[in-house]
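The structure appears below as structure tokens.
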Amino acid sequence: MSTGFFGDIAQIKYEGADSTNPMAFQHYNADEVIMGKTMAEHLRFAVAYWHSFAWEGGDPFGGQTFVRPWHPQDDMGRAKMKADVAFEMFDILNAPYFCWHDADIRPEQGNFADNLNTLNEITDYIGEKMDAVGTKLLWGTANMFSHRRWMGGASTNPDPDVFAFAAATVKSCMDATHKLGGENYVLWGGREGYETLLNTDMGSELDHMGRFLNMVVDYKHKIGFKGAILVEPKPQEPSKHQYDYDAATCIGFLRKYGLENEVKLNLEQGHAILAGHSFEHEIAVAASEGMLGSIDMNRNDYQSGWDTDQFPNNVPEVALAYYHILKAGGLNSGGTNFDAKVRRQSIDAEDLIASHIGGMDVCARGLKAAAAMLEDGGLEEALKARYAGWESAEAKGMLESDLASITDRVLNEGINPEPKSGRQEILENYVNRFV
Ligand code: XUL
Ligand code: CO
């Protein structure tokens, strides 16, 4: 029985680029085959439970703007109503996946035992809805940043009791993710960092975080969870400085604690921007190390400097992101999670649907452009040409030699390199043909 929340909005269908129907896909054609896979298989869209159903529209200057029938979110009956509405939306969008934090789906009880009971109850309920609607779980995660107990960090907290509470919380969320057939498990450490170095022992906090993540990996193997463990880089906000700053920092951390073959990265467009990188930079860094796990798709306001978690609407940007994903062999167990929220003035049920339609269409256009560029091969050809010198036996041999012998060769052969154009504008013009 419908909750009635979405009124008369019917299932969203693909109508093609000429359609002017705002409640239809113009570009996302789930079954269309691109480079041997359907769009649905490439993109693996997920809806983020927190932005669409748990966030109430507050900002640093004002509180709730959304008035929903499942508010206030402090009661199990209303948590179930929230799940009913969520699965109606997954059905309307035909979204293959969703993602949650424990705190999005169950009411906070203020102690671990009751949080565990309510998490078990709501995930049983959600499991039935997953079976009925056919939506799968891309990943689960623990919210270890909202409640005041986490204010000084979770695994990096100076108080060992908070470390213990965090360990129990992550175990419960991994169990729930496993129970629901989740395909990944994510850790984002919003409070794993510091506000001031004046009160922070950074070395021991990092050691605790490394040990904690090793326990997570051990537990994954113990319960036979086959999904990937993913950490999500972000440089700051809410902490002034977060230890998982960006992809490169995370990779160094994972290597230091022996986790480079066990943990991959969940990369987010807006977090890349906050770190001073492009999204494709973060994807390329992870891909070059074989650590590309999944993506959180959104966009950041380039002026505000905040994590604005807007729905993507920039096709050229998205195209370059998927270009690097396709080049790396795709998302595997990962997916495209819309870690994106409507603006706080977008208070209607229709806004929740329209935002996802737009996001899915923008990603579809980006994917199509990326695939066309890869199939055309222009960028790969240019790349190959630029590095062609390294194909020679002499050049390769140099990497096995030493500074003194290389110096001899420079002197003997009179090596004096002639600069060559990087051809950036020509390549940018090339990309422009596809987007
Ligand atoms: C916060 C953020 C989180 C993670 C999951 O910026 O991106 O929602 O994706 O905790
Ligand atoms: Co995210």
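Backbone N, Cα and C atoms are what each Cβ position is placed from, and that goes for glycine too.
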Mg(2+) 1 site partner of GLU232, ASP296, ASP339 (as recorded in TrEMBL), chosen from GLU205, GLU260, GLU268, GLU317: GLU268
Proximal residue to ASP104 (active site) among binding-site residues GLU268, ASP307, ASP309, ASP339 (C-alpha distance): ASP339
Integer Å distance between the CA atoms belonging to HIS101 (active site) and GLU232 (Mg(2+) 1 binding site): 14
Listed recorded positions adjacent to ligand 2, that is, members of HIS101, ASP104, ASP307 whose C-beta is under 6 A away: none
Whole-number Å value for how far ASP339 (Mg(2+) 1 binding site) lies from HIS101 (active site) (Cα to Cα): 12
ASP339 (Mg(2+) 1 binding site) in three-state DSSP notation: coil
Pairwise Cα distance for ASP296 (Mg(2+) 1 binding site)/ASP309 (Mg(2+) 2 binding site) [Å, integer]: 10
